[in-house]
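What Swiss-Prot says about this protein:
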- 9-288: domain 'tr-type G' (DOMAIN)
- 18-25, 82-86, 136-139: GTP binding site (BINDING)
């Protein structure tokens with residue numbers, strides 16, 4: 001099917017998101033199978049899943065990068081992004097959600113809402129992404145559809161409404177009652193679930209289904225209060241409401257984020273996946289439903305609103321970079337307005353650099369098809385972009401628009417890295433540069449005192465997998481040091497500095513004079529450097545050099561050399577010499593000035609605090625809490641169900657190395673835990689002194 005056959009209202013850009021092991025990739029595999037994209041079902045546990053195409057993913061059985069693919073169903077074109085569920089790969093989820101119009105949240109019928117489900121849900125709230133939910137693994141021991149829905153309401157604050165009533169559960173799960181059509185679907189094993197029989201509702205479920213349907217209709221009546229005819233029917237004659245009417249109101253409720261309908265099934269056992277595909281098309285929004293995209297016009301500084309139209313000016317967002325051994329650098333983009341043609345020259349407005357598109361590719365996991373153009377609503381990949389990275393805006397050369405960026409969280413863990421042989425030094429530098437372009441949460445820096453190269457990321461698994469990729473994709477063997485905490489420094493009060501950099505050594509000298517004011521910025525806002533120079537006391541051609549010097553000075557703090565964060569710097573005054581001043585002199589002076597100001601601004605060291613969730617048998621609860629307290633943990637809450645307790649706490653990362661091993665020995669291997677970065681906080685004075693001594 002060519003794209004020309006699809007209007008914007010028939011496009012669905014969706015993500016599949018969940019906690020690790022909820023069965024997200026298996027669900028996507030079934031979608032590909034039923035929509036005719038694959039002829040054999042790939043199994044994750046056999047390492048044959050189409051979407052998990054990186055070698056490490058097939059070995060580890062987890063999804064690391066967001067694979068993109070396109071399928072066709074009920075006359076609609078569905079672009080699907082399968083996102084990772086492990087906390088170390090949060091940026092993959094974040095950048096997918098930024099470019100999606102809707103999402104399917106997959107939950108495990110036994111566990112319900114798990115810690116990573118909460119993280120992903122919060123990220124989707126941030127971007128206002130409409131969601132439907134699929135309670136998967138209904139065939140597992142202990143599966144509880146209504147329990148999972150209850151946990152969605154309690155933990156996520158979701159307006160979770162069942163649209164199915166399961167028939168049987170665990171090994172007896174055979175199908176479900178569709179509360180909208182009031183039909184019972186029994187799946188036929190011999191057709192791999194591709195066919196089912198429709199029957200009447202079993203007698204023992206009739207009363208429960210009637211109650212659930214009434215609750216569903218009453219909830220829908222509150223979605224659109226202007227639809228008085230629907231409300232009247234719900235109150236006076238609910239049996240007269242047609243399926244069509246229900247779907248219309250449901251779609252409105254989902255798109256406005258007022259309702260999260262919940263389906264059930266077992267992707268592994270091929271039950272319920274086509275029903276999920278049906279409602280993706282019926283209820284999730286098209287690019288038109290998501291409305292205009294907002295950006296900033298760089299020439300005027302004003303906010304602009306772009307209609308999703310293929311005839312409008314080009315506005316696209318780069319949301320992922322990938323390096324391919326055969327094709328080179330691939331940039332994934334989402335087009336919000338206009339059309340992008342192969343061979344066209346465009347502007348990266350974020351960087352103010354011109355780019356040229358050499359090829360356009362439609363992706364199916366790691367297979368690709370060449371395309372001549374992409375138009376509004378498409379998600380695709382381009383080859384030939386040299387400067388564009390995650391979060392950059394691409395637009396027409398005469399239409400300078402910048403879209404909202406993708407925020408990357410600060411890394412929390414550092415490791416020293418060096419090539420195994422001196423000859424690999426150049427290759428290692430290239431590999432690190434390529435990987436940090438692909439992944440904004442992976443940073444590379446140099447320790448100024450030791451000269452060591454330091455890599456920083458979101459967790460041990462994150463850095464471990466990147467090291468694997470260096471060996472496999474870039475053929476670089478590297479030694480890595482022990483993981484260390486990625487501390488930061490910041491300031492706690494306002495201060496200023498006046499710095500002169502003067503050098504006379506025969507011939508032309510060096511002269512620069514810079515006055516700065518610095519103050520603490522809001523936590524999480526990052527560093528800001530602004531020039532308040534008036535009257536040309538520092539000529540405007542030297543201002544960028546001062547700013548660059550200040551930024552470089554902030555890269556290493558004054559207490560223990562850790563990068564400074566959340567500092568606002570204003571360049572307020574200075575002077576220059578007609579002959580001796582130069583860009584280099586002002587850059588050096590800017591760096592010296594910011595260091596001097598920081599020393600006077602009561603600097604402190606910050607450490608990453610992790611949100612830790614432990615699920616333990618109740619008889620070990622006291623030991624687990626005692627152990628978290630000893631690790632400087634702050635217990636946030638605990639809850640119990642079925643002899644198991646869940647404890648959530650905030651604990652400094654520096655206290656969490658080797659935690660899994662000690663948790664296993666505390667609980668005889670019966671407890672599990674997850675942790676994710678929460679925020680940075682000031683370290684206690686005594687620990688700060690120890691860090692500075694090191």
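Cβ from N, Cα, C; glycine included.
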Query = What is the total of other Cβ atoms whose distance to the Cβ of residue 138 (GTP binding site) is within 10 Å?
reply = 31
Message = Cβ neighbours within 10 Å, counted over all protein chains: which one of the binding-site residues 18, 21 has the most?
response = 18
Query = Is residue 18 (GTP binding site) helix, strand or coil when read with DSSP?
reply = strand
